[in-house]
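Annotated domain 'Acyltransferase 3' per TrEMBL: 12-343, in sequence order. Per TrEMBL, transmembrane segment is recorded for 12-32, 38-58, 79-103, 141-162, 174-192, 207-225, 237-256, 262-287, 383-401. The compositional bias 'Polar residues' annotation in TrEMBL covers 406-427. Annotation source TrEMBL lists region 'Disordered' at 406-443.
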Amino acid sequence: MNSKENRLRYILGLDGLRAVAVLAVIAYHLHIEPASGGFLGVDLFFVISGYLITTILLHKQDLGYQELLPFWMGRIRRLLPAAYVMIFLIVSWCAIAGSNALMSIRGDALSSFFYVSNWWYIFHQLSYFDSFNAVSPLKNLWSLAIEEQFYLIWPVLLIAGLKWVKNRSHLPMITFGLALVSALWMAILYSPDTDPSRIYYGTDTRAFALLIGCSLAFVWPMHRLSSRKLLPVGRRILHIAGFGSMVIFLLCVYAVDEFDGFLYQGGMLLFCLNAAILIACVCHPASLIGKWMSFQPLVWLGKRSYGIYLWHYPIIVLTTPVIEIGQPSMGRVTLQLIAILLISEASYRLIEQPIRKLGFRHYFASWSIWKTGIKQWSMSNKVLLGIAAVLLILFTIGMSSSSHTSPHAQEVTQIKTAPQKAGSQTESKVKKKKDKHEKKAADPKQFHQVLAIGDSVMLDIASNLEKAYEPITIDARVGRQMNEAIRIAPQYASFNKADAAVIIELGTNGYFTEGTLTSFIQHFSKAHIFLVNTRVPRSWENDVNAVIERVANQHHNVSLVDWHSAATGQPSYFQPDGVHLSTKGSDTLTQLIKASIKKKGDVSSAS
């Protein structure tokens with residue numbers, strides 16, 4: 001096993017594949033439209049990790065529990081230093097800049113230090129798909145947490161399997177069986193029209209990607225792959241499989257999005273199986289795809305992919321104005337990419353490579369500032385010490401003065417509890433009813449009742465609507481999603497009649513399907529419904545608006561209020577978070593709704 005011919009060869013193509021994966025992830029986080037499925041690059045990373053780690057472990061002679069500590073120390077040297085430096089610098093930067101991200105970073109940083117951030121996000125119900133709390137610049141570390149947890153558990157299970165399973169040929173099937181259980185668990189936990197963050201973050205529901213890579217390592221050991229005994233037909237199959245699996249990967253990056261239910265009901269499993277085929281082809285010395293992936297610029301990026309992944313998300317989050325989220329500009333994206341490459345290169349040269357080669361002790365000993373007394377230090381070393389001390393102070397401030405509450409959340413709390421004309425507003429809900437016989441209807445030609453159901457954007461225009469339409473019923477709540485709206489719809493059955501106008505403004509807080517929206521509006525099938533589309537700088541905006549437009553076109557009693565077109569390119573319509581409305585924005589949206597209702601009234605009266 002230690003002979004030269006049996007040593008594990010270094011496969012440049014895997015570096016190229018890492019580059020493709022990290023580029024897909026970056027494109028996704030930059031909101032570049034042709035990469036709506038770029039988040040699947042993480043799954044490709046998972047499969048690669050499972051394959052390589054299992055290959056390394058199986059290649060060890062007399063693999064036993066005595067090998068665990070050296071293995072874990074190797075992983076620590078490889079992964080922790082660069083990640084810890086990034087966390088330290090990002091927390092310090094947030095403290096300097098007074099970033100909104102500072103409000104949530106303490107828990108995120110602590111959980112990231114211990115590689116449990118994915119469970120931290122789950123237990124604190126922090127959506128991967130962005131609500132309106134300050135977005136954490138450390139959120140991308142959830143995937144590294146899953147990998148570290150896997151590195152702790154899998155070697156123990158593998159050694160136990162090698163020891164207790166008499167027929168080792170069964171191990172690939174057992175491992176693949178565990179992968180199927182994980183994928184099935186994801187499908188069971190998935191619920192349409194609810195935030196899928198629980199299954200997206202969970203180690204239990206994402207383990208199948210890593211386990212598929214492990215299964216591949218059993219049946220496709222890289223040190224046994226050779227081009228010498230491969231028949232011509234085998235080469236053709238290898239080329240076709242490699243090319244085909246790469247095309248499938250790129251098509252998924254282009255066409256898939258995170259709100260596709262199929263993704264969580266077997267789609268990710270199929271994607272990871274395709275990734276395993278791609279990895280198998282890249283690793284074979286006779287494959288054409290392996291040569292393509294060995295293209296030097298891709299290899300260069302792939303070698304630095306860990307640092308690039310670490311740094312890309314905090315750089316994007318901290319340098320993108322909220323109002324521009326979802327609207328990438330060439331200039332900003334170019335500067336962000338340059339910053340990502342420069343900082344990740346510094347991480348690679350100054351932290352990752354030296355520690356990997358020298359180990360912690362020799363790495364720190366190599367810094368001249370530790371070898372002499374402070375009086376003999378050069379001016380540059382003294383400046384370095386001063387900067388480190390300042391950063392340490394800022395890091396301490398950032399870690400001790402934050403909580404998981406955003407500035408806007410505090411503002412919303414005040415809105416929820418502010419007194420109204422007819423009483424007090426409590427439990428984050430505006431719910432105001434007036435006697436329908438008090439005054440004349442807003443549009444006596446048609447609508448004698450008006451109902452408005454929505455989320456925090458509806459809260460922003462509530463007072464305007466109350467002035468425009470009397471009587472009116474408004475039911476709006478911060479953070480409301482479509483599944484909750486469906487539950488409250490039966491309470492308003494009295495509005496399901498021809499002389500009622502129902503205004504629906506939802507989609508600010510997450511995606512919903514066409515079927516769910518259709519089910520909701522069926523509660524008001526006799527009324528006329530005015531669907532307000534959304535302008536929200538989040539990844540689901542286009543999907544939600546497409547659903548709203550399709551449903552509006554399919555029902556004769558539904559009109560579309562095109563807030564998105566009116567608000568795009570109008571930063572003065574929004575508060576600093578880019579979502580909630582300013583006075584000007586509230587007035588504009590109210591006028592759009594009034595115009596739509598008036599138009600429908602005029603049409604009906606003429607018919």
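Placement of Cβ uses the backbone N, Cα and C atoms for every residue, glycine included.
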Proximity verdict for the transmembrane segment (207-225) and the transmembrane segment (237-256), three or more C-beta pairs under 8 Å: no
Stretch of maximal Cβ-Cβ contact with the transmembrane segment (262-287) [cut-off: under 8 Å; candidates 12-32, 38-58, 141-162, 174-192, 237-256]: 237-256
Other parts of the chain folded back onto the transmembrane segment (38-58), taken as Cβ under 8 Å at six or more residues beyond its ends: 8, 14, 17-18, 20-29, 32, 67, 71, 143, 146-147, 150-151, 154-155, 158, 206, 209-214, 216-218, 221-223, 249, 252-253, 256, 258, 268, 271-272, 275-276, 278-279, 309
Long-range neighbours of the transmembrane segment (174-192), counting only residues six or more past its ends (CB under 8 A): 161, 165, 198-199, 202, 204-208, 211-212, 214-215, 218, 261, 264-266, 268-269, 513, 515-516
Folded-back contacts onto the transmembrane segment (237-256), same chain, C-beta under 8 angstroms, at least six residues removed: 20, 24, 27, 34-38, 40-41, 44, 230, 263, 267, 271, 274-275, 277-278, 280-282, 284, 286-290
PLDDT averaged over the residues of the domain 'Acyltransferase 3' (12-343): 91
